[in-house]
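Participant: Below is a structure I'd like to ask you about.
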Amino acid sequence: MADAEDQALPIPEFGSLLRLDPYLQPYEKDLRRRFSLFQKQLLLLEEAEGGFDQFTRSYNSFGEQRQPDGTLVFKEWAPGAEALFLTGDFNGWDKFSHPYTHMDFGKWELHLPPNKDGTSPVCHGSQLKVVVHTKDGERLYRISPWAKYVTQQRDSVVYDWVHWDPPSPYVLKHPRPKKPRSLRIYESHVGIASPEGRIASYSNFTANVLPRIKDLGYNCIQLMAIMEHAYYASFGYQITSFFAASSRYGTPDELKELIDVAHSMGIVVLLDMVHSHASKNTEDGLNRFDGSDSCFFHGGSRGEHSLWDSRLFNYSSWEVLRFLLSNLRWWMEEYRFDGFRFDGVTSMLYHHHGIGSGFSGDYSEYFGLQVDEDSLVYLMLANHILHSLYEDCITIAEDVSGMPALCRPVTEGGCGFDYRLAMAVPDKWIQILKEYKDEDWNMGDIIYTLTNRRYGESCIAYAESHDQALVGDKTLAFWLMDKDMYTNMSAMVPMNPVIDRGIQLHKMIRLITHSLGGEGYLNFMGNEFGHPEWLDFPRQGNNESYHYARRQFNLVDMDHLRYQQLYAFDRDMNRTEDKYGWLSAPPAFVSAKHEGDKVIVFERANVLFIFNFHPSNSYSGYRVGVGAPGKYTIKLDSDAVQYGGHGRLDHSTEFFTEPLPFNERSYSMQVWTPILQVDRFTPNSEMLLSDDQMPPASVI
């Protein structure tokens with residue numbers, strides 16, 4: 001008898017995947033088995049639920065639903081419960097007056113007819129609780145897993161379920177923008193998006209932050225910490241209510257307006273989606289909803305994440321699939337998000353969750369018993385459904401393992417993501433700044449890190465994200481300039497050596513990452529102008545202070561501070577990319593990575609990039625290779641005065657190629673960077689010494 005792997009379904013476009021990555025050939029059986037499991041789930045959805053379209057709209061039948069005649073229907077899945085009751089403001093918090101009816105497959109339903117005058121039996125804004133009687137005789141008070149709005153009273157640590165049914169809900173006015181050709185992402189957190197020491201609102205973000213994002217040239221916002229989380233300092237990664245937009249920033253309607261206004265500006269909005277784990281909270285979370293250890297999650301140790309102290313979903317459960325896939329659909333339909341950045345994908349893909357695994361790149365690490373195929377199939381289903389229903393949907397995977405085909409279509413045997421985060425890039429920049437002197441920077445190592453990605457699988461490059469901004473680490477600006485940022489960022493006085501070096505390298509690091517590191521680019525809010533402080537949410541360890549849980553956008557508005565210069569460079573970097581489109585172009589051709597000169601030269605999208613990372617040398621008549629003949633002019637110069645540079649390049653200069661092959665290119669030309677005329681032997685002149693040691697700027 002043939003084994004199950006031999007009977008696995010063929011993958012329709014597997015040949016395309018093998019042409020991209022022939023090293024996958026020995027693992028064809030594994031890939032076919034995964035694809036067969038995926039196809040089996042699709043078939044089961046068709047047979048049992050009428051297809052994934054209906055299945056993923058389960059938010060229209062579970063939780064609380066208002067019928068056309070005014071009847072309210074409440075429906076839950078609680079297979080471990082003995083009885084369910086609904087209590088709340090509407091019945092004076094009577095624990096037993098409104099029992100649910102037990103249905104098949106662990107489901108429970110309750111119908112509340114309208115009042116005699118036709119009004120709703122539960123008013124908008126009323127508080128509710130599900131009373132769960134367990135088989136062990138416990139009485140538990142729970143929030144519906146499908147609750148669409150939860151709030152926290154000032155004197156309480158627990159969230160309350162609030163019936164959200166406004167008489168005049170916000171009506172979305174603007175269509176979704178088309179998927180951008182080049183993805184330039186502004187990673188954002190609504191709560192910290194204000195200089196004030198408090199939790200900022202959706203409305204503040206709409207009025208004050210969206211115009212900045214538009215001005216900066218970002219065409220995509222990635223919103224963090226939107227799905228409700230009881231603990232603010234978890235940065236939104238310990239979700240308690242998956243269908244509720246966080247009430248700490250305002251109402252669901254105010255979030256809808258934020259997204260709608262972003263769409264009117266041509267900006268797409270992604271949600272930071274956390275389906276990799278859930279908070280352990282019981283009273284206001286999913287954990288032990290029906291009193292059992294295994295409702296929604298794996299029971300025992302498999303359902304616990306030892307490092308995150310959270311619960312792990314059972315992706316093989318039919319009702320868990322219903323809940324999670326419907327959750328994706330809810331955010332796309334109700335709020336009109338344009339896609340998702342899936343958090344913690346590495347943890348989902350492997351039974352070991354990436355704990356203690358270095359991922360050497362050996363293909364055997366991506367196949368075999370260590371792979372959690374239930375999770376993998378869930379991600380395949382999620383991507384297939386999202387891309388089938390929404391043509392321009394964008395999905396991004398946070399994966400550090402380098403799983404092959406993660407960002408290839410499901411029809412090829414891939415997981416279906418559009419992008420993965422290039423997570424090695426920010427780690428490399430931090431390592432360089434921590435461990436190496438300027439003169440010891442290795443150009444080849446930088447190039448390798450920025451270009452080391454799977455061919456045909458798109459990456460989002462970033463020099464730093466929220467991870468590098470958190471307290472306990474430092475942003476790039478802080479690694480470069482540290483305490484000098486507090487005293488020497490005024491443009492009214494000459495730059496000291498620390499600020500001079502920091503400002504120039506801050507721009508160069510971002511530009512080379514932007515232009516060479518991927519097919520998309522990401523920046524965490526505030527880092528574009530060198531935000532001077534780390535990020536630390538109010539917690540017991542800092543006396544619940546909001547001092548570091550804010551973004552000081554006011555610094556950019558002060559003309560005498562150099563933050564404005566970094567902001568201007570970031571803006572013009574994005575606008576230049578928008579004109580030339582290097583992020584959507586094929587990978588760059590690197591023609592020079594000269595260790596002695598500390599010079600990097602590459603071409604991408606008919607643009608020539610020249611970086612001089614030498615701490616003291618400028619060059620005159622420096623020959624560089626180019627692939628296309630013609631006339632070249634300067635389009636972006638990080639040494640320009642408006643960017644905090646020294647204005648040493650003449651932008652009227654035209655550079656003409658010669659038919660002289662150089663560095664594997666058919667043509668070449670000489671570029672001129674004026675040599676600084678300074679006295680290197682004037683020990684009492686710190687500024688002159690600083691000028692001499694300042695890295696010359698990048699030029700494209």
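Glycine is treated like the rest: Cβ placed from N, Cα and C.
Keep in mind the model is a prediction, meaning the values are calculated, not measured.
Straight from TrEMBL, here's the annotation block:
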{"type": "ACT_SITE", "residues": "ASP343", "note": "active site, nucleophile"}
{"type": "ACT_SITE", "residues": "GLU398", "note": "active site, proton donor"}
{"type": "DOMAIN", "residues": "196-562", "note": "domain 'Glycosyl hydrolase family 13 catalytic'"}
Participant: Using a 10 Å radius around its CB, how many other CB atoms surround GLU398 (active site, proton donor)?
Facilitator: 21
Participant: Restricting to the domain 'Glycosyl hydrolase family 13 catalytic' (196-562), what is the model's mean pLDDT?
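Facilitator: Result for the domain 'Glycosyl hydrolase family 13 catalytic' (196-562): average pLDDT 96.
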Participant: Can you tell me how far the Cα of the residue listed as 'active site, proton donor' sits from the Cα of the residue listed as 'active site, nucleophile', in Å?
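Facilitator: That comes out at 5 Å between the alpha carbons.
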Participant: Return the residues near ASP343 (active site, nucleophile), defined as same-chain residues 6+ apart in sequence whose C-beta is under 8 angstroms from its C-beta, sorted by sequence, else 'none'.
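Facilitator: Non-local contacts for ASP343 (active site, nucleophile): TYR237, ASP272, MET273, VAL274, HIS275, SER276, GLU398.
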